[in-house]
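Annotation source Swiss-Prot lists phosphoserine at S20, S32, S34, S78, S82, S106, S222. Taken from Swiss-Prot, the feature phosphothreonine covers T97, T110, T114, T159. According to Swiss-Prot, the feature region 'Disordered' maps to 1-45. Summarising the annotation, Swiss-Prot assigns region 'C-terminal Sororin domain' to 242-264.
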Amino acid sequence: MAERRTRSGGAAQRSGPRTSLTKPSKSSKRKSGSDLPNSFSEIWPRTTPAVPVRKAIVLKKIVAHAVEVPDVHTVRRSPRISFILEKENNPPLKVPTKEDLFKTCSVPGTPSSTPVLYTQNVEPDSGEAELDSRDLEMSQKVRRSYSRLQSLGCASTSTPGRRSFFGFEGPDDLPGVSPVVCSKLIETPKVPAKDLVPARTKDLVPDSTKDLVPARTLPGISPPVVKEKRKKKVPEILKSELDKWAVAMNAEFEAAEQFELLIE
């Protein structure tokens, strides 16, 4: 027992220093703030900074074009007349200058010494004389058209209760023209009834209205005479013939029912 204990003690003594020699040290050195830049240089190697390149940028400012206005403002006769009196399909070869524009806009037929603005007042008396003669002529034409009304005193029809008889001397002439007036006032020449009324309707019209019936047989205007359609005569079938026909049909039906149809 003592030997075992000594052996175990010796083994323990021997194993003690062995464990202390083989045990690795887990402690690591912490890097301070002064050592950080050295560590970054180890990770990322230093590179020389590239030289900055300058690029030229062009900035353009949009400015409105200066409008060239001619020095002398000429009075244009009409806004439709253009400065360049040329056709669109035949453009001019040279660019027109201010002098060319001034020449084309000048009014033809007027001297260069006289101004353009005073051309409207040339010979005012002749224009007034023409207008007066034309007014006189037109007034005479108008008076002719209304002279008939003025003589009768019926030119004004603005009053609602006043009747106007345009083209007639008075109300006595109206019954002979107006169809609305009673038929007793109408004096028509008596025409024989044969000429006015057709042969078929002659007996139907009473004697009092025979004179008032207008002629309906006008060539090219009156409607065509409609003829009465005649009824077709249906042939009568005797009862004895119907009975014979029924007996024959019944016999045929009975023969068809008694027929024996054999199917193998």
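Just so you know, glycine gets a Cβ as well, placed from its N, Cα and C.
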Residues satisfying Cβ distance under 8 Å from T97 (phosphothreonine), sequence separation of at least 6: none
Count up the helix, strand and coil residues in the region 'C-terminal Sororin domain' (242-264) according to DSSP, in that order. 17 helix, 0 strand, 6 coil
Mean pLDDT for the region 'C-terminal Sororin domain' (242-264), as a whole number? 89
